Structure formats: structure tokens, C-alpha cells
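> Structure provided below as C-alpha cells; questions to follow.
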Ligand SMILES: [Zn+2]
Ligand SMILES: [Zn+2]
């Protein structure tokens, strides 16, 4: 039946962990629940362990180690490392190096370890169940991690640490609160499965469903619903274009608890050097994407355009010219600001800085206006097309 070439060998440890645990949960949890009640302490420990392992991956494995989006004091790194170990998603070194490859070769069928182009199952979990060549670790992209003592400590003692966090901690906590099996089943087993799949949704669903407000050059999407379950990682379209930003939900109102945690810890000196992409650059990407979308809408229609649509097209072209002028002015200001910094006359620097600051603000304001006008124009264009257009 299957004429495809031989499949790579099965990765048994991954199969046992990733498929064995849901199977065990399916039998043990209903059976236990039938005979006993889970204590409140068991449910609370489920929530705490779910948060700890989830944030260990998002704030630790992902934003701290894979992207170096901020720096953290060692107690924070230690707690995140333990949380990530609790999540059983392989070592920091393996995870972060593979993730850097994912960003570098996103969507490439042979180079992206969890390419969404290979379908839901593969990008969600399939990529881990066999030893695919795209998943073979290559730590050339992680020289910083090879020098990181915390990362290498975890790498060396990974199995004992997995046993300590996933068996030792739930057993100890269960004995303490007097509900050994309740805590082991909920905070140990059920939490592990939940944590696995919400993380895997980022690689699968977040490359399939949602919006693309910043770029359509890859499959990554922004998805609020996924952000809700993934500690803010659902804003994956933003993340793929600006991977070094410590925020994934970049707008202040976007649900990103990982961002709040990192920012909160910076207020008490436990994290520092939080990387932020300048607001102008982010807005520029958004406006450029709006132009691209308008162009696509217009391209659907041939020469036989209604006059209203022709007018809309002209307006958009004018706006595009103004947008290009804004970008030019911004580039010139950047140059001037570099020159000003080099200027020898120290007392004049302050004056020049003030002038440049005002001019930067004006250009930033212009970019905001482009964004607002394009928003309105897109709405009008869609309305116009619905009313008059005659698709070819
Ligand atoms: Zn991705
Ligand atoms: Zn990433």
C-alpha cells in the first residue's frame, strides 16, 4: 500500500513518554476518580505544576534560552530550568537549538524540525516520534548554550532531574497534603499531558489558524485563543518576524502572562536587558502588510474596474508614496542621530538630541496616521469591491 521510502526509525523513549502517558491517564484517572475523590489540594497542585512547567518552557526554554530575549538572575534561571525539566520536552540545549533551526528555516519541509508544511500531525507530535533527519540536533547554532553552566548542568543530569521533578516532587507533595495518588495523578500525569499538548499547539495550530498582521512570508499566525492556553505564546506571527522581542503579545492589551512575568521580575531586579523592537519598526511592518493586502485585493480584479475602485486604487497608491517618504525621513533621522552622537562638541549634543527627539516623534506620528488611514481605506475598498467589482 505504502510506496513511500522507508520511514526513519521509531524514537522509543519519545513514543513511551508522548503516547504512553495519555494511555496511562485514560485508564488510571477515570478508574481512580470512580473509587476516590480528588482533594482540593490535588487540584491546586495541578494548577501550580501546570503554571510552573508551562512558564518553564515559555519564559525559560523559549524566550530566555532559545531567543536570549532578556537576562535573568540565577535563582530565576534555576526555577525556570526545573519547570522546563518538569515539562519533559527534552533538554534546554536540544529544545532551544531545534527551535532556533525552526526560526531559521521556518516551513522548510526538510530543514524545519516541525515544519507546518508537513501537516498537523507531523508538526504537532509526529516529528518527535521518529528520528527524522530534520530533527537531528546540531549545536553549531548554540555556542552560547554550550557555555551556559545552568544549561550544561541540566544536560548532564537530565534523567535524574526528570525523575526528581516528575516523580519526586508530586510524591513528596502528595504525602505532605495527605493525598498521594490524587497529587501524583493530577499534578504529575494529567498536568504533563496538558502541558505537552498546549506547547505542541504552537507548532501545529499556531502555524495554521489565526491572523497575519505583521508578515505573510511564513505560516505563523496570531491567535488569541491559543495565547489563552499557552501563557501568551499564541501571538506567533509577531514572534516569527521579531523573535528577539521578550514580548509575543506586543500590544499592552494582548494576553501574554509570560511577558508580564518577565517585566514584573525586572521591576525587582531579577531580570534585565529586556529586548524590545522599536515601536516604529513594528508599526512599519503592520502598515506594509496592509498595503500588501490591499494590493492582493486589487489584483483579484482585472481591467474592468468600477470607477470607485479605480479611485480607491489611486488613493492607496498616493498613501504608499507618503509611506515611502516617511520611511525615507526616518532613515535620514537615524543617520543624523548617529552623526550627532559622533559630534565632537559635547554641549551641542544635548541640543541636537532634543531637536532629533521632536523630529522622531513627528515621523512616528506620521506612521500612526498611515496605519489609521490604511485601516479605513481597506474597509472602504472591501465595501467597494463587494458593491461594484466584476471579478475576471
Ligand atoms: Zn513557529
Ligand atoms: Zn521562538
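Here the Cβ of each residue, glycine as well, is placed from N, Cα and C on the backbone.
Caution: TrEMBL annotation is automatic and unverified by curators.
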> Can you dig out which of the ranges 12-33, 100-121 TrEMBL describes as transmembrane segment?
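Going through 12-33, 100-121 one by one, TrEMBL flags 12-33 as transmembrane segment.
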> What residues in the same chain, six or more past the boundaries of the transmembrane segment (74-96), come closer than 8 Å to it by Cβ-Cβ distance?
17, 49, 52-57, 59-62, 64-66, 137, 139, 142, 145-146, 150-155, 158, 161-162, 165-166, 169, 192, 195-196, 199, 265, 270-271
> For the transmembrane segment (40-62), give me same-chain residues lying six or more residues beyond its boundaries with a C-beta closer than 8 angstroms to one of its C-beta atoms, as numbers and ranges.
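Same-chain contacts beyond the flanks: 77, 79-87, 89, 92, 95-96, 99, 169-170, 173-174, 177-179, 182-183, 185-188, 190-192, 194-195, 198-199, 230-233, 257-258, 261-262.
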> Mean pLDDT across the domain 'Fatty acid desaturase' (42-261), rounded to an integer, is what?
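96, rounded to a whole number.
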